[in-house]
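Q: Okay, handing you the structure first.
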Amino acid sequence: MSRVVAVPPSPLRAFWLKWRFHINVLLLLIPLGFMPKYFADAALFRGDTGLGERVAGQVQVGPWSLTLAEFRNEGPSPDPAGPMKFFNAALCDNCAEQVKATYLRIGKPRSLRAAGVIFFGTPYRMGAALPVPERTPADAELWVTMEGWDGTMHQGSIPLSQASPATIAWLNKQGVKP
Amino acid sequence: MSKKSRSKLWFLVHSWLALPIWFFVLIVCVTGTLAVVSQEIVWLANPDIRASKPSDDAEPLSFDQVIAAIGRDEPKAIVRSIIRPDESHFALTVGLSYPDGRTVEAYANPYTGAIQGISPSFNFQQFTRALHGWWLVPFTHGYSWGWYLVSLLGLPLLASLVTGLVVYKRFWKGFLRPTLRIRHGARIFWGDFHRLCGIWSIWFIAVISITGTWFLIQAILGDNQISISSEPIVPVIARDKVPLSAPGVPAPMIALDEAIKIATQRIPGLDATFAFLPLNAYSHLQIGGRGWYPLMFQTAQLNPYNGEIAVSHLLSDRSPLEFVTESMRPLHTGDFGGLWIKLIWAFFGLVLSMMVLSGLLIWTKRTALATLNALKREAKGQRAPIAKRAESSEVHS
Amino acid sequence: MNMMHPARVAAALLCAGFSSPALAHNPMCECKEIPGEQIQCKGGFSDGSGAPGVTLDVIGYDETILVPGKLGEDSTLTFKKPSAEFYVLFDAGPGHVVEIDQADIQPQ
């Protein structure tokens, strides 16, 4: 309401009265500030900047192999199903036709059924959301299970510390859970 | 409370709803307007997304023919999805995965299957939608707080509509006698403009504010893991329903056109306009499109090895609640009935943007006038009554 | 589709309107001990949906299936605590499993 009443206002108050409804222009700083991140994310999703923010390396899985990358170089993100860490991967050039499915799990799987989360995507770029239990030991291994079209199964592993140092840092920060 | 002071109060409420955040509201309205016609803007700017006919009698290719054509041109690329846009002047949007790890949208000619180009890294359509929808605030977990910030505007917008109609006495008369006085000064003009636009946009403001508020509810439900979907969840195909085959020989899948035929038989009236191909050996093939009700999609998820439909989500499967909630998004964006509906939405989007501006102008003109009056009277040494009169003079007009 | 980055979900929500491949459906399962030497497990998905009819097996450390089961209409399954060492496997399909070791089931 324009209480521009008779009392001669102080300069500060005059300034406030004049500009108070225009302060919200500053809200425009929010999208401006997030714009670099928006475009970096867009490039990351498209794969213009590679498989992920940090390529962890090759994992040999029997006769096959894959390139494993952290989608983001950061610890797991909260999810209703527990903390999730996103990994991306690409199959080796000559195993794209050979591999029926690829799975990821912290610790050695008990069986093919319990091989962990399955990768979605194409052999060139696929992703999986890996649940990371909060009490995962820092020396845990990340196991990759691959299944052939005839049902054969091969396994390989990479230390979690190598696959995702950020996850180890996150685990250490969490502290040991009972 | 007297009638006069009550209407003064309503006027105050009406003013305060948008005034302190007018610029934010304005930008959300303007970007929303742009987002409605963003596809058309890209069509004008980028020839790659136009569906030019090679000859007058050219017939659109089937999805399998498109995939075959892409396979000839780019043998290494893998097709992940094909979407046939609603309007026939747009090229097909094909999700492609390249050996270098890029997964991009490519534009394929619907008549020849030729890849006319891939979406540029600056995607205008997505950018305007992100700016409008969540102010570019990233989604880290759950909905972005930008989404909440924008969708919260649905409430003051709805309140503006209601209070506006309360303040505007006998507004229905405005339909019969439209008034737009041009020669009576800026304040009169903007006042007339605001009211005239307002009454003709009642339906649109109601639609946008209610659907906008739905986006807020959707985020609240989503972030609290409350699902109202009647669609059964079958994340993947069971292991025993995927055939074993010889080492190194992927199990054969049915043709995409065959899958579309199966889905069309199962879903009467389905106009299959999109296909999402399986994303691993245990993933379904999804076929979908609109049915008799243009605001919702019907989908079928098939086992790509034997064509068995695992999950179908038909119009008839939807609960009445889902009819309402699923209609919200298309009603907000206007992308359910071709170009003309989009143009109507864009026009009224522009009108709504102008209403924010005219509202602000009315306020500033009136304030300026009131200030002027106040100063004049002050000069005459009549302090007390002036302020009062200056204020009450703001109520009507 | 399980693997879906949050930003993709957002983009899909507003851009396409094609709902189903976009939403995250991570499997979830919790088990607790209830009176009478019984264990009750409840399954579901991260979007808040239940999981009636989904397989939940109780498997011994030697990989023999001790209790083959399916969740009931209320997305739960109750079974008698096995005497042998076991784990619970909520199995919504390949790559959509939750494994709960007996050591992680809270006693009453």
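Glycine is treated like the rest: Cβ placed from N, Cα and C.
TrEMBL annotations: computationally assigned, not manually curated.
What TrEMBL shows for this protein is this:
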TRANSMEM  B:12-37  transmembrane segment
DOMAIN    B:60-117  domain 'PepSY'
TRANSMEM  B:145-168  transmembrane segment
TRANSMEM  B:197-217  transmembrane segment
TRANSMEM  B:339-363  transmembrane segment
Q: Please report, as numbers and ranges, the same-chain residues at least 6 past the borders of the transmembrane segment (B:12-37) whose CB is under 8 Å from any CB of it.
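A: Beyond its ends, the transmembrane segment (B:12-37) has Cβ neighbours at 125, 128-129, 131-133, 150, 153, 156-157, 159-160, 163-164, 166-167, 208, 333-335, 342-343, 345-346, 349-350, 352-353, 356-357, 359-360, 363.
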Q: Any idea what the model's mean pLDDT is for the domain 'PepSY' (B:60-117)?
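A: Looking only at the domain 'PepSY' (B:60-117), pLDDT averages out to 96.
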Q: Could you put numbers on the helix, strand and coil content of the domain 'PepSY' (B:60-117), residue by residue per DSSP?
A: 11 helix, 22 strand, 25 coil
